[in-house]
Amino acid sequence: MQTYDNPKVKYDWWAGNARFANLSGLFIGAHVAQAALTTLWAGAFTWFELSRYQSGVPMGEQGLILLPHLATLGFGVGAGGQIVDTYPYFVIGALHIISSAVLGAGALLHTFKGPENLKDATGPAREFHFEWDDANKLGLILGHHLLFLGAGALLLVAKAMFWGGLYDTTIHDVRVVTEPTLNPFIIFGYQTHFASVDNLEDVVGGHIYVGLLLIFGGVWHILVKPLAWAKKLLIFSGEAILSYSLGGIALAGFVAAYFCAVNTLAYPVEFYGPPLEVKFWYLRPYFADTIQLPYGNYTSRAWLANTHFFLAFFFLQGHLWHALRAIGFDFKRVEKALSAVETSS
């Protein structure tokens with residue numbers, strides 16, 4: 001992290017992973033622990049939503065955010081978009097909670113049994129030791145991340161084509177996708193209007209392309225060292241890598257917010273409520289419901305779209321903050337300058 005030529009910076013507990021920035025073993029342990037917490041939240045909140053679910057009220061009007069996703073994936077849904085079986089939701093919640101325990105055990109193992117620094121490890125683990133200015137090793141680690149992301153995209157393809165199918169709002173039922181779109185002109189033609197996709201074939205075909213491209217990129221980064229132009233263009237430091245990551249998350253958040261707000265194929269009306277409209281409150285944009293609901297109630301679509309939008313906004317601020325620090329900008333100088341102005345006035 002940026003220390004402004006002070007190598008003895010001490011980070012308190014609230015600084016998170018900055019405490020382990022130069023300890024690759026503990027850094028991995030922290031990441032596994034965060035994955036455990038995320039998975040625990042997913043499982044526990046699925047159960048919480050299941051305990052509050054009312055079969056006589058439209059799912060999109062109950063303020064749920066996880067059960068609609070599971071229904072869209074075709075779990076527990078019958079003809080007409082009716083929820084006919086909630087047991088799959090219970091099982092999925094349980095699997096996530098069990099997985100969180102396994103991940104938590106892995107985090108404890110890395111923290112208390114593994115080496116603090118992977119350069120002291122033996123065997124294959126030593127290969128994953130990294131330094132923030134080592135572009136080659138960062139490329140290797142990036143490659144492995146891309147492999148997992150690609151596998152995740154292809155899992156959706158497998159669910160759509162082989163494991164029961166997805167919910168199709170155009171026929172109000174779950175169906176298997178047998179002929180995904182593979183025409184690259186159709187898939188890449190969505191670049192300017194991606195949120196207008198209106199058929200599962202294009203959605204599944206897009207995931208095939210994304211999954212394969214991610215896997216190809218993963219293999220590339222594992223086998224090929226960063227090229228000269230990339231080393232010249234990019235800054236390789238903990239602060240810079242963090243800023244790149246936050247920028248990517250911000251972009252994904254803005255895309256998800258817009259897609260969720262307007263698209264009714266990936267976010268069916270039956271489970272999320274009708275599309276939203278953009279409104280402004282004292283120049284601040286937000287997505288508003290287009291149906292009348294009791295005071296204080298909002299559709300699942302409104303919750304998801306607005307949450308993604310505002311979180312993406314703050315991730316963008318984090319990206320800019322850390323990007324400026326990565327190039328050497330010291331925010332303390334701003335504070336000192338303002339204090340000097342106040343003193344002189």
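Numbers run from 1 along the shown chain.
Backbone N, Cα and C atoms are what each Cβ position is placed from, and that goes for glycine too.
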Point to revise | Given ranges 25-45, 130-150, the stretch to which Swiss-Prot attaches the annotation transmembrane segment | key: 25-45
Review point. What parts of the chain pack near the transmembrane segment (309-329), using Cβ distances under 8 Å and only residues at least 6 beyond its ends?
Key: 2, 4, 235, 237, 239-240, 242-244, 246-247, 249-254, 256-257, 285-287
Point to revise | Other parts of the chain folded back onto the transmembrane segment (89-109), taken as Cβ under 8 Å at six or more residues beyond its ends | key: 29-30, 32-33, 35-37, 39-40, 42-44, 46-47, 49-50, 67, 70, 75-76
